[in-house]
Amino acid sequence: MKFLLTTAQGIEDIAKREVSLLLKKLGISFQIEEKPLGIEGRLLLEAEKAYYVDEKGRKRELSISTYLNENSRLLHRVIIEIASEKFNGIEKDESEEALKRIKDFVSSLPVEQFVKVSETFAVRSFRKGDHNITSIDIARTVGEAIFERLSRFGTPLVNLDHPAVIFRAELIKDVFFLGIDTTGDSSLHKRPWRVYDHPAHLKASIANAMIELAELDGGSVLDPMCGSGTILIELALRRYSGEIIGIEKYRKHLIGAEMNALAAGVLDKIKFIQGDATQLSQYVDSVDFAISNLPYGLKIGKKSMIPDLYMKFFNELAKVLEKRGVFITTEKKAIEEAIAENGFEIIHHRVIGHGGLMVHLYVVK
């Protein structure tokens with residue numbers, strides 16, 4: 001069976017490693033391709049069936065999609081792939097021609113193998129690129145094709161609000177994917193513990209990628225600008241054995257982080273401190289690792305303050321950091337100057353897609 005797995009752009013390799021480790025526990029054969037057909041933020045998984053023995057000793061098939069939905073920290077969606085196609089030139093096609101190509105393709109697919117006529121269905125769509133059609137156009141066209149195909153076998157049931165089966169259609173540049181979205185309408189990165197929303201909160205998937213890149217060894221971990229606590233909470237949920245510390249300047253966000261940690265059941269695992277990261281050495285004498293989503297200045301409209309903020313922060317960080325730091329920001333020039341000026345070395349850099357922005361991730365020591 002084939003699955004299309006979605007994640008954040010720029011962390012495909014880390015997500016692939018996580019999925020590989022999860023599937024190895026099942027003892028099955030599988031192959032994972034990063035960026036299938038050149039599309040970032042996607043993995044293509046082909047895996048054999050997995051089985052388990054129930055309490056009565058009977059052999060049962062294990063749902064790989066359910067297993068990944070329940071255990072992955074880095075994936076956004078788990079989609080059973082029906083088919084994919086490269087539509088050369090579709091970005092230049094007029095809307096009528098583009099939609100016809102999509103409808104003809106979907107009409108040729110055996111969608112009846114993935115949904116019963118007695119089951120309700122809906123189509124959710126995603127589009128990225130320069131096209132003359134919208135995601136709404138795609139959802140409507142794919143829905144029509146599926147409805148017409150299923151009509152050969154009975155009367156199809158459409159339920160746009162609470163469907164039993166969700167078809168997911170994606171058109172990214174000139175590549176089209178169609179599959180069954182087993183994750184549902186809410187992406188996996190939207191954690192159920194998030195009861196307080198910081199205006200610039202970090203996706204949990206990216207937080208986990210940062211944790212992986214830190215290569216933690218059980219030492220103390222600090223988020224010096226912890227916001228709503230995403231990194232700290234995700235780390236605590238891993239049952240991390242080391243000390244976990246969060247510093248946040250604004251009381252409103254600190255209380256929000258504590259509310260989130262309480263909802264996640266890990267409040268007792270995290271030490272929260274109200275404080276200013278530019279005076280870091282007043283709160284901690286030393287820390288092994290620092291991981292943080294630094295302020296970009298975009299939400300508050302104060303980008304001019306960022307270079308000075310970063311310079312002061314890294315000056316303080318140099319006094320307490322023992323091993324490695326992992327940081328993301330949109331402000332490449334400001335952070336690189338602060339890193340160099342305060343004696344740190346960049347040992348890894350990559351660009352990640354986050355909330356419509358391309359952010360820079362740095363691992364420093």
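Yeah, the Cβs are placed from backbone N, Cα and C, and that goes for glycine too.
Copied from Swiss-Prot, the annotated features are:
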type	residues	note
DOMAIN	69-182	domain 'THUMP'
BINDING	H198, P199, A200, H201, L202, S228, G229, T230, E248, D276, A277, N293	S-adenosyl-L-methionine binding site
What number of additional C-beta atoms lies within 10 angstroms of the C-beta atom of L202 (S-adenosyl-L-methionine binding site)? 24
Which numbers of helix, strand and coil residues does DSSP report for the domain 'THUMP' (69-182)? 35 helix, 36 strand, 43 coil
Densest Cβ environment (other Cβ within 10 Å) across the binding-site residues A200, A277 belongs to A277
Span of the recorded S-adenosyl-L-methionine site, as the biggest CA-CA distance among H198, P199, A200, H201, L202, S228, G229, T230, E248, D276, A277, N293 in Å, is 20
Assigned conformation of E248 (S-adenosyl-L-methionine binding site) - DSSP reduced to three states: strand
